[in-house]
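Student: Sharing the features that TrEMBL gives for it:
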COMPBIAS  728-740  compositional bias 'Basic and acidic residues'
DOMAIN    11-96  domain 'Cadherin'
DOMAIN    97-204  domain 'Cadherin'
DOMAIN    205-309  domain 'Cadherin'
DOMAIN    310-389  domain 'Cadherin'
DOMAIN    411-515  domain 'Cadherin'
DOMAIN    516-587  domain 'Cadherin'
DOMAIN    797-842  domain 'Cadherin'
DOMAIN    843-883  domain 'Cadherin'
REGION    720-745  region 'Disordered'
Amino acid sequence: MLDSRFLLEGASDADIGANSIVTYRLDSNDYFTLIVNSKNEENKQVELVLRKSLDREDAPEHKLLLTATDGGKPELTGSVQLLVTVLDVNDNAPTFQQSEYEVRILENSDNGTTVIRLNASDRDEGTNSAISYSFNRLVPSMVLEQFSIDTDTGEIIIQGNLDFEQVNVYKIRVDATDKGHPPMAGHCTVLVKVLDENDNVPQVTLTSLSLPVREDAALGTVIALISVSDLDSGANGQVTCSLTPHVPFKLVSTFKNYYSLVLDSALDRETTADYKVVVTARDGGSPSLWATASVSVEVADVNDNAPAFAQPEYTVFVKENNPPGAHIFTVSATDADVQENALVSYSLVERRVGERLLSSFVSVHAESGKVFALQPLDHEELELLQFQIKDIHLWWLTALYSWKSWMKTITHPSLSLPVREDAQLGTVIALISVTDPDSTVNGQVTCSLTPHVPFKLVSTFKNYYSLVLDSALDRETVANYYVVVTARDGGSPSLWATASVSVEVADVNDNAPAFAQPEYTVFVKENNPPGAHIFTVSATDADTQENALVSYSLVERRVGERLLSSFVSVHAESGKVFALQPLDHEELELLQFQTSGRVSVPEASLVTVNVYLIIAICAVSSLLVLTLLLYTALRCSATPTEGACAPGKPVLVCSSAVGTWSYSQQRRQRVCSGEGPPKTDLMAFSPSLPQGPNSTDNVSLRGQRVCSGVCPPKVDLMAFSPSLPPNLDRDERERQESESNHSGPGAASCGYFIIIEDKRGTFVDNIAQDPGLGLAQLVRCLFRVASKDRGDFRSALDHKITAQLTDYKVVVTARDGGSPSLWATASVSVEVADVNDNAPAFAQPEYTVFVKENNPPGAHIFTVLATDADAQENALVSYSLVERRVGERLLSSLESVHRESSKVFAW
C-alpha cells in the first residue's frame with residue numbers, strides 16, 4: 001500500500017565528533033523516498049517509504065543506491081545497493097490473443113478431431129498464472145453435445161456428428177480462469193463454421209397428371225410433373241435431371257427444381273403400349289450423387305385401325321334346295337385396337353340380284369359373322385351368288401353429337417404441402433390441369449382463384465397452371481388457406497367447375513418467447529432453506545411444436561463479490577426459481593436479476609424479464625399472524641368519545657395477491673369468486689367488541705380511555721379471496737356498489753345473519769339462514785366464513801341455490817350480550833364470475849332444407865343458430881363445417897358456412 005515504510009539498517013562511522021555525523025541520500029526514483037528520524041546522533045532510524053503503487057508485471061525488481069556521508073573535512077562517503085523484489089498478487093485476468101476466433105471445419109468430421117487450440121496468458125506468476133479452460137455457462141446444450149474442451153490445454157475437440165444441414169454455425173463462449181485467490185477469468189468467442197459436404201442424395205418426386213396417355217395426344221402434352229431437391233448447398237445442391245434415352249418424351253424446366261415430362265413425338269399403342277421412363281437427378285458435387293425415379297406411362301388406345309378379314313375373299317359351295325335359315329358359312333374380321341375399339345359388327349353390302357335385293361337371299365349375323373340362307377337356293381335359277389360383307393366398329397355405330405353439356409374437369413396434384421411460412425415468393429404450391437371435352441369456344445377454359453389469398457395462378461402450358469406463392473405468409477396470422485380454383489368455359493351460357501385445395505402453413509421459428517409480465521416483484525422470507533422454491537416465471541411462444549418449447553436461464557452477473565448463480569437458479573423447463581442458500585435480509589434486502597427465455601432450437605430468439613426479489617424479515621410470518629396484527633392496529637385506530645360510543649361502522653380490509661393491505665371506510669365491497677382453483681374461504685371478519693366490565697385491563701390511546709360496557713360491537717370484514725379483479729379500481733367498485741344498492745324488485749339477495757354473544761370473552765357463532773356456509777373461529781374475535789364441507793365454494797353456489805343466482809348480498813350481524821343488546825352489521829356483495837362450462841346448443845337438432853338446382857355460386861341457402869348459456873366472450877359462438885366426402889368430392893367444395901353469421905352458402 002502507499003506510504004508503507006521499510007526500516008533500513010543505518011551506516012556507522014569509526015570517527016567521533018563531527019567526523020562521525022552521517023547524512024543519507026537516496027538516488028532519484030519514482031517509487032521510493034527516504035525518511036530519517038533523528039532523535040539524536042546516536043539513534044537515527046532510516047526508513048524507505050513507498051510513494052507510488054508497484055506493478056510486478058511492469059518491474060519485478062527495483063535497484064536503489066543509498067549513500068551515507070560523514071561530517072568531516074574532507075567528506076567521506078559510503079554506499080550500499082538496495083534490491084527491492086516485488087511479490088506477485090492475483091491482479092491480472094487471463095487474456096486471449098483474440099477476442100473472437102473463426103474456424104471452418106467440414107461436416108461429418110471424425111470424433112476426436114481438434115477444432116482449435118486456444119492459448120490464454122496471465123501476467124501473474126505461480127498459481128496466479130495457472131489457467132483452466134471451460135465453456136461458459138451460457139453455452140447452449142447443443143454445443144455441449146457436439147464439442148468438449150480440454151481444461152488444461154484449451155483444445156476444443158469434436159465429440160458429436162456435425163451436420164451442415166442441421167446447424168451450420170456454432171457460437172462457443174470459452175472462459176479462461178486462473179487459480180489465484182480470488183480467481184479471475186478472461187473470455188473469448190469461437191465461431192465454428194461447418195462446411196458443406198456432398199453427403200445428401202437428391203430427392204425426386206413424381207406427380208402423375210394424365211395417365212394413361214391417349215396415343216393421339218398432341219405434342220407438348222404434359223404427362224407428369226417432377227420436383228427435385230437436395231439438402232446440400234452451393235454446387236452440391238444444384239440438381240440436373242435427365243431421362244431414359246429413346247423414349248418419346250422430354251423434360252421441360254418450368255420453375256427452379258420443377259420439371260414437366262411432356263410428349264416429344266407421336267405415340268402408337270399398337271407398336272408400344274407401355275413406356276417405363278426413368279428420371280435421373282444428379283447433383284453438381286464431386287463425386288456426384290444421384291437418385292432415380294421411374295414412372296410407367298401407359299398409352300391409351302384410340303380407334304385408329306380398321307377391321308381386317310382373315311382373307312380378302314371367300315368361295316363357298318352350297319347345296320341347292322337348302323332349308324330356309326340354313327347356316328352357310330362364317331366370316332371373321334379382327335381389329336388391332338383394344339376393348340370397345342376392337343369390337344366388330346358385320347352387315348351385308350346391299351345390291352340387287354336380278355330383280356330382287358341381296359338381303360332377300362342371305363343375311364349375316366351382326367356379332368358372330370355367320371351367314372345364313374333365307375330361302376332354298378335353286379342351282380337352275382341362280383348358279384353363282386356374289387356379295388360383299390362389311391365390318392363396322394361398334395364405336396362407328398354410335399351417333400356423335402356435340403352438345404354443350406360437358407362440365408369442366410380440374411385436377412390439382414399437390415406438390416409441396418404444407419408450405420413453410422418463410423417460403424420465397426414464386427414457390428410452386430400445386431400444379432393444376434383443366435379439361436373440357438367440348439370444342440371451339442365451348443372448350444376454351446379460363447381459371448381464377450378465390451380472392452384475397454396470397455397465391456396466384458401462372459399458366460405453364462395450354463390448360464396447365466401452377467399455383468404459386470404471391471405474397472408473404474404468416475402462420476401466426478393465418479395457419480390454413482382454403483383455396484378454390486374456378487374453371488369457366490367460353491360457351492353461352494357459360495359452364496364452370498371448381499376444385500379446392502387446403503394449403504397448410506408450416507411454422508418456422510420467427511417469434512421470440514414473451515413473458516407473462518415484463519417484470520416480477522417477489523417477497524421472500526429470510527433464512528429460507530436451501531433449494532426453496534421462490535416463484536415461477538412463465539413465457540410463451542406464438543410458434544408451435546418444437547419452436548414453442550421454451551427453456552429458461554439466468555442472465556449471469558455479479559451481486560457484490562459473488563455471482564448471481566450462487567444465490568438463485570432457474571429450472572430450464574418449468575421456469576421455477578429456487579434459492580440456493582438461505583437469504584439474509586440484513587445482508588441483502590433487494591436482489592435484482594434477469595431471467596431469459598429461449599426457444600429450444602438452434603439460432604433461437606432470446607427474451608429477458610426483470611425480477612425484483614425482496615427479502616422480508618419474517619421470523620414468524622403467516623396470514624393468520626398478519627391478520628391479527630392488522631386487527632389490533634385497526635381496533636386502536638379509532639378514538640371513541642368520552643362516555644359513549646357512536647354506532648360502529650363496518651370496516652372492510654382487502655388483501656391483494658402479494659400480501660399488502662389497504663384500508664377502506666366503504667360499507668359495501670364487491671368480492672368476485674372467479675375462475676381458478678377452489679377457494680373455500682370466502683371472507684374473514686372480526687367483531688371489534690370493547691372490553692367488558694369484568695376486564696381489569698384498560699387500553700388507552702393518546703391519553704384517552706377506550707370506552708367499555710356500553711359500545712355496540714364493531715365488525716371488521718377482511719376479504720381473503722385472491723380472485724379480486726386486478727384492474728377494478730375504486731371508482732369502478734363504487735359504481736358497482738351503487739348499482740347493487742339500487743337493484744329493482746326481484747333482485748337476487750341472500751342474507752347471512754350471524755349472532756355473536758359475549759360470554760366471558762368467548763364468541764359463539766350461529767347462521768340463521770344457511771345455504772352451505774358456516775362460521776369458523778380462528779382466534780378470539782376472529783371468524784371465517786367458509787363452505788361447511790370445505791368443498792368448492794362455486795359448487796355450493798351452483799347446487800345449493802336453486803335459482804342459479806349470479807349476485808349475492810351477504811350480511812354479517814354482530815350482537816353483544818348487554819341489556820339492552822347492541823349490534824352492528826356489515827354487508828358484502830358477492831358476484832359469481834362466469835366460466836366457460838356450457839357448450840353451445842343449436843335451436844333444433846337437425847335441419848331439413850329444400851334447395852333449387854342450378855343455383856348461382858355463392859347463393860345463401862339457409863342459416864343455423866346456436867346459443868350459449870355463458871356470458872361475454874364465453875358466449876361468443878363460431879361456426880364451421882364438419883368436413884367429409886360427398887361421393888368423390890369434399891363437402892367444403894359444395895357448401896360453406898360463415899364463421900360468425902352462421903349463414904350457409906352454396907359454392
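Just so you know, glycine gets a Cβ as well, placed from its N, Cα and C.
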Student: What else in the chain is close to the domain 'Cadherin' (843-883), if you only count residues 6 or more beyond its ends and a Cβ gap under 8 Å?
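Tutor: Long-range Cβ neighbours of the domain 'Cadherin' (843-883): 486, 496, 498, 834-837, 890-892, 895-907.
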Student: Which stretch, 310-389, 411-515, 516-587, tops the Cβ pairs under 8 Å count with the domain 'Cadherin' (97-204)?
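Tutor: Checked against 310-389, 411-515, 516-587; highest Cβ contact count belongs to 516-587.
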Student: So which of 11-96, 205-309, 310-389 has the most C-beta pairs under 8 Å when paired with the domain 'Cadherin' (411-515)?
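Tutor: Out of the listed stretches, 205-309 contacts the domain 'Cadherin' (411-515) most.
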Student: Summarise the domain 'Cadherin' (310-389) as counts of helix, strand and coil residues per DSSP.
Tutor: 7 helix, 26 strand, 47 coil
Student: Taking only the residues in the domain 'Cadherin' (11-96), give me the average pLDDT of this model.
Tutor: 83
